[in-house]
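TrEMBL annotations:
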BINDING   His287, His336, His401, His576  Fe cation binding site
COMPBIAS  21-34  compositional bias 'Low complexity'
REGION    21-49  region 'Disordered'
Amino acid sequence: MACSYVLSPNATKLNLSFAPSDLDAPSPSSSVSFTNTKPRRRKLSTNSVTDSPALFNFPNYPPPNPIIPEKDTSHWNPLQRAASAALDFAEAALLSRERSQPLPKTVDPRHQISGNYAPVPEQSVKSSISVIGKIPDCIDGVYLRNGANPLFEPVSGHHLFDGDGMVHAVKITNGDASYSCRFTETERLVQEKQLGSPIFPKAIGELHGHTGIARLMLFYARGLCGLLNHRNGTGVANAGLVYFHDRLLAMSEDDLPYQVRVTDNGDLETVGRFDFGGQLNSAMIAHPKIDPETKELFALSYDVVKKPYLKYFRFSPEGEKSPDVEIPVASPTMMHDFAITENFVVIPDQQVVFKLSDMFLGKSPVKYDGEKVSRFGILPRNAEDASEMIWVESPETFCFHLWNAWESPETDEVVVIGSCMTPADSIFNECDEQLNSVLSEIRLNLKTGKSTRRTIIPGSVQMNLEAGMVNRNLLGRKTRYAYLAIAEPWPKVSGFAKVDLSTGEVKNHFYGGKKYGGEPFFLPRGLESDGEDDGYIMSFVHDEESWKSELQIVNAVTLELEAIVKLPSRVPYGFHGTFVNAADMLNQA
């Protein structure tokens, strides 16, 4: 993929040239021009991915699906219309100021959503798609993967994590496969469709410095004037997926989950924002954990504005929520993931924090706090308060994801497996240092309060490993294997590694050529599995030469390719997935 552009502070025209991101790849390259004649949002007909985006050109789109209506102001009174006009004028001035300044790569849409990170339109079900090889008989259900897919062309800063949630689904029955992809119809997305523009602030890409403060003020002013509703959540539901309590839930850590239903033919439909029958009134992070034996779900919620900054809670298999346990932390902290063991939850309190006051200084509110010491909190799973919390320091440890944890009674330790990332805030803030994500074993001694950390893979074969999982039937128990994305060249994924966590032995499966993928999902073969690794790895893979996408199914024991499902449209690189078996599909709420 080649991408070139020129943008001067006074420029009104942006020229991009990059490998095509379309469905049928009719040519090896594509050029587009994006002209800003006015520093304001454009009409809907030219800036949604369901029409023909100006910034990212996707030839041969199907007809718009769905058709997004023009902005409807008929229900506004004269004062609201006047307020809307004034706020639009203020926003146009803000955009003009923003566009006069260069954007760092971490929030520049030309870097964040170019190539196969660029969005695609929804696809209705395509049945009986081509399969090379044979899909194993035990695979019966639907593989789903979430990702960020902005509906509207960005008008200013945009981070990959800011995109609207889209779920891609491959349904497999008797060796036959179908494919579909749909937006998760969040409150945010529904209102932006009605308003015809990306009116909700982007949490990472836009909320920086003084312009971020101004954007928040404009957003809440619109809410106070009744021009939009910000009380039912602002999240994008683009990160995690979990099947729990007879529901498929799509999640991002800034909102409640959204229930998505898989239809009989493999299509997807959004049921709505799910609060567990009124029990959940705060955001839930995108990586809740389900205990494979008790079937309970464990989760965290964090707040970046007010105390309590962090809460822990759990749900019974029937969906009954426990009371919140407030976790004492000094400041709001990035809390993307955590771990469970048979008896404990393991909560990281790391050095990437939120400091909203830095926005008044013109800085990003997400920062690395060098004075803070990273630590892990170990709390009994059934705790009713935080009085039994044991904190163990683990200096300079930042794990964006934790793959597993278990108890080691003979040493009084909790063992945590995670990928330690440096620089810790490199995903959010531009830096000159090379990013490293090192698979590590962290031992937390409950008696001494001390920790140790070791690199699992020998230095001679060290590689960036980020995004993956262990056998979920053993979550919270000692596991031998982890299946992790080989994130090289960063941030692309050239294959996946099967790592022996005890010996450090690594076996790799590379996609080859210019093929890149994402999170490897391990699916156990079934109730009669012969061992921990008896199952299959599933991963979406995209070929940047042919501009075609596929689902690869790999034998987890031998790492041999069993089947390739040829997909009818491009699948952008995304985030996390799950598998819902056929029996669970029939029991959906």
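First residue shown is number 1, and so on along the chain.
Note that Cβ sites are derived from N, Cα and C of the backbone, with glycine treated the same way.
Please treat TrEMBL annotations as automatic predictions, because they have not gone through curation.
Apart from the site residues His287, His336, His401, His576, the chain places the Cβ of Ala239, Gly240, Ile285, Ala286, Asp337, Phe400 no farther than 8 Å from the centroid of the site's Cβ atoms, the recorded Fe cation location. Of all Cβ atoms in the shown protein chains, 20 besides its own fall within 10 Å of the Cβ of His287 (Fe cation binding site). Cβ environment of His401 (Fe cation binding site): His287, His336, Asp337, Gly418, Ser419, Glu466, Ala467, Gly468 lie under 8 Å away, each six or more residues apart in the same chain. Just so you know, the Cβ of His576 (Fe cation binding site) picks up 23 other Cβ atoms within 10 Å once every protein chain is counted.
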